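A short write-up of the structure that comes next.
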Amino acid sequence: MPTVLVIGRAKSTDIDAKCRSSANAPRPVASFQADTETVVLKWHIIFLRAVLPEQNDDGHGPPNTDLRIHRLCCTRACGRLPEHTGADVRRRDSAPRSMLFNSPLGSYKTPNSLSGFASSFHRAQSFRSVEPRFRASRSYFQDDEELIDPDTMAPSALGHKISTVLQNRPIADSSVFDEAAVDDASFADHSYLDLSRTNSLHSYAASFLTADDSFAFRQVEDRDGKMVTMLAPRSTVPQTVFNSINVLIGIGLLALSKAMTYSGWYCGVALLVFSASITYWTATLLSRCMDTDPTLCTYADLGYKAFGTKGRLFISVLFSVELVGVGVSLIVLFADSLNALFPHISVVQFKLLAFCVLTPFSFLSLRVLSGISLLGITCTISLVITIVLIGLTKPDSPGSLLHPMPTSLYPASLHNLLVSFGIILGPFGSHSLFPALKSDLAQPEKFQKCLSITYTVGFFADSTMAIAGFAMFGADILNEITQSVLVTKGYPNFVYLLVSVCVSMVPIAKTPLNAMPVINILEFVLNVSPQQIDSPSLFQKILRIAAKLLVNMLFVLIAIAYPEFDKIIGLSGASLCTIICIILPCAFYLRLCRPANAWFYHAVIAAAAVVGVAATAAAITD
């Protein structure tokens with residue numbers, strides 16, 4: 001059985017004294033990596049083995065159950081760091097060298113290994129959730145412990161307590177020190193950076209290996225003086241950038257060329273720049289709001305912190321509607337693209353086929369679905385590259401960048417401009433997941449750098465697709481640029497197959513993940529969720545199956561009733577994205593950070609509300 005680990009609580013003044021006392025000590029040369037400024041402190045740690053009946057009288061358990069505390073981190077701001085002795089920890093170098101060569105490809109535990117990227121990506125997919133406990137102050141907490149998914153070891157609103165998961169989780173026989181499990185500098189920056197703002201915030205971290213992965217956890221004291229146990233953030237900057245790009249680059253970019261036909265060149269390009277700029281700015285506001293309390297993990301947590309239970313409930317409703325909208329747009333995309341390739345089969349028939357094809361994926365686990373979802377970003381980027389290349393190689397119009405189609409410089413009317421606003425803003429609306437991605441970043445002070453890279457890549461992909469599609473097809477472009485490609489003659493035969501496969505794979509990769517949070521909410525309401533019932537009865541199993549079928553059927557029925565892809569994206573962007581990506585981040589910042597120029601944020605909220613209402617009305621009446 002695994003041991004029970006309790007992290008001792010040390011006073012910040014004592015830790016500062018430890019650091020100051022060693023300020024004149026020579027830095028270790030070979031003990032740590034050159035860029036590491038944090039060392040192990042053998043410091044007030046309680047190691048309990050009460051659950052080990054085979055524990056010896058001397059306090060040492062068997063090697064295969066010996067859960068070792070690897071380190072506590074102190075801030076670089078304390079001065080030079082104390083030396084450590086070899087007795088403090090067992091270094092990774094003591095592990096058998098043969099383990100490296102016997103490990104599977106990609107399993108070597110460096111921070112940015114294939115295994116590290118896969119683990120980070122799995123956790124990122126688990127953040128696509130809606131908190132069903134509307135009165136909970138934190139999304140992933142119960143009492144004083146974080147709730148985690150036992151399968152992915154990621155925070156989960158419907159997961160189990162850390163202590164429960166660890167008690168049932170096997171510990172690896174070779175439990176060696178793993179420097180990659182916790183980034184030293186990151187814990188210094190994240191945990192004790194808060195200490196410089198207020199002496200009431202402390203963070204302590206320990207890392208250990210399980211049978212299949214390494215992870216860390218810490219205890220954090222929030223501003224109310226409550227100590228909570230949390231998983232320590234593990235994602236690196238490259239991993240967070242990858243996860244953020246995967247969120248930002250979605251199917252909305254397929255409708256951007258259509259938006260350009262509504263807005264014209266001048267207003268269209270201006271709206272692209274404006275949408276990217278304002279959503280990047282509001283994403284940085286969310287990041288600053290997260291810094292006010294280290295226990296904040298999600299967008300809904302910010303809502304509760306700023307506006308209480310009503311704020312969390314409102315955000316949960318918004319996210320649920322947004323997820324339904326994304327699911328509907330994926331069904332429409334699936335049917336429209338296949339109908340363009342096989343016009344003798346109706347769009348409605350393809351939507352019913354989508355129900356039959358996509359519903360079985362809802363019965364798969366999150367770990368499996370997150371792996372499948374990699375196809376989504378791969379296919380989306382492939383579509384961008386493919387469309388640009390075929391536009392540069394086709395000698396005649398339509399569908400050529402060498403001989404563009406006639407286009408317009410200005411919108412035909414204010415109504416068209418408002419419609420284009422919603423369509424263009426939609427692809428930049430990923431704020432619902434940014435707080436969770438920051439909470440999983442081991443160096444949270446670098447999150448703004450991650451946002452800069454993410455938005456640079458996202459803006460390049462979106463603007464490329466918008467401009468290329470508008471030039472290739474002009475005012476004749478269909479609701480999705482891929483649909484126009486499939487019905488245009490003159491491309492190599494493999495292009496039609498490639499585009500069709502890529503477009504069809506995007507709904508397969510993304511729809512089950514978008515349906516899962518809605519399914520979880522429905523199961524929770526029916527009292528049949530896995531977290532509520534360990535051993536469900538036959539009737540409860542039937543209810544779970546019915547919930548999955550009902551959510552997927554809901555997507556299809558709405559897609560049949562509201563079949564135009566560009567209008568779905570425009571309506572979602574004008575209403576939901578305006579609220580989630582502009583209005584609420586400003587409102588959170590006003591309540592949590594209390595800036596001196598509050599009038600400016602009030603003006604942004606008012607202007608966004610007016611434009612959002614007008615654009616929503618335009619999308620509905622178009």
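The backbone N, Cα and C atoms fix where each Cβ goes, and this holds for glycine too.
Annotated features, as they stand in TrEMBL:
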- 234-616: domain 'Amino acid transporter transmembrane' (DOMAIN)
- 263-283: transmembrane segment (TRANSMEM)
- 313-335: transmembrane segment (TRANSMEM)
- 341-361: transmembrane segment (TRANSMEM)
- 368-392: transmembrane segment (TRANSMEM)
- 412-434: transmembrane segment (TRANSMEM)
- 455-474: transmembrane segment (TRANSMEM)
- 494-513: transmembrane segment (TRANSMEM)
- 545-562: transmembrane segment (TRANSMEM)
- 568-592: transmembrane segment (TRANSMEM)
- 599-620: transmembrane segment (TRANSMEM)
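At the 8 Å Cβ threshold, with sequence separation of at least 6, the transmembrane segment (599-620) comes into contact with the transmembrane segment (412-434) through 3 or more pairs.
Between the transmembrane segment (263-283) and the transmembrane segment (568-592) there are 3 or more Cβ pairs closer than 8 Å, counting only residues 6 or more apart in sequence, so the two stretches are in contact. Beyond the ends of the transmembrane segment (313-335), by six or more residues, the same chain brings 128, 130-132, 134, 250-251, 254, 299-300, 303, 307, 347-348, 350-351, 353-355, 358, 432, 480, 503-504, 506-507, 510-511, 514-515, 517-518, 521, 551, 554-556, 558-559, 562-565, 568-569, 571-572, 576, 579-580, 584 to within a C-beta distance below 8 angstroms of the stretch. Count of Cβ pairs under 8 Å against the transmembrane segment (545-562): among 341-361, 368-392, 455-474, 494-513, the largest is for 341-361. Spatially, the transmembrane segment (412-434) is adjacent to the transmembrane segment (568-592); three or more Cβ-Cβ distances between them are under 8 Å for residues at least 6 apart in sequence. By number of Cβ pairs under 8 Å, the transmembrane segment (494-513) is matched best by 368-392 from the list 341-361, 368-392, 455-474, 568-592.
When each of 341-361, 455-474, 568-592 is checked for Cβ pairs under 8 Å to the transmembrane segment (368-392), 455-474 comes out on top. Counting only same-chain residues 6+ beyond the ends of the transmembrane segment (341-361), those with a CB under 8 A from a CB of the stretch are 331-332, 334-335, 369, 372, 486, 496, 500, 507-508, 511-512, 548-549, 552-553, 555-556, 559-560, 563.
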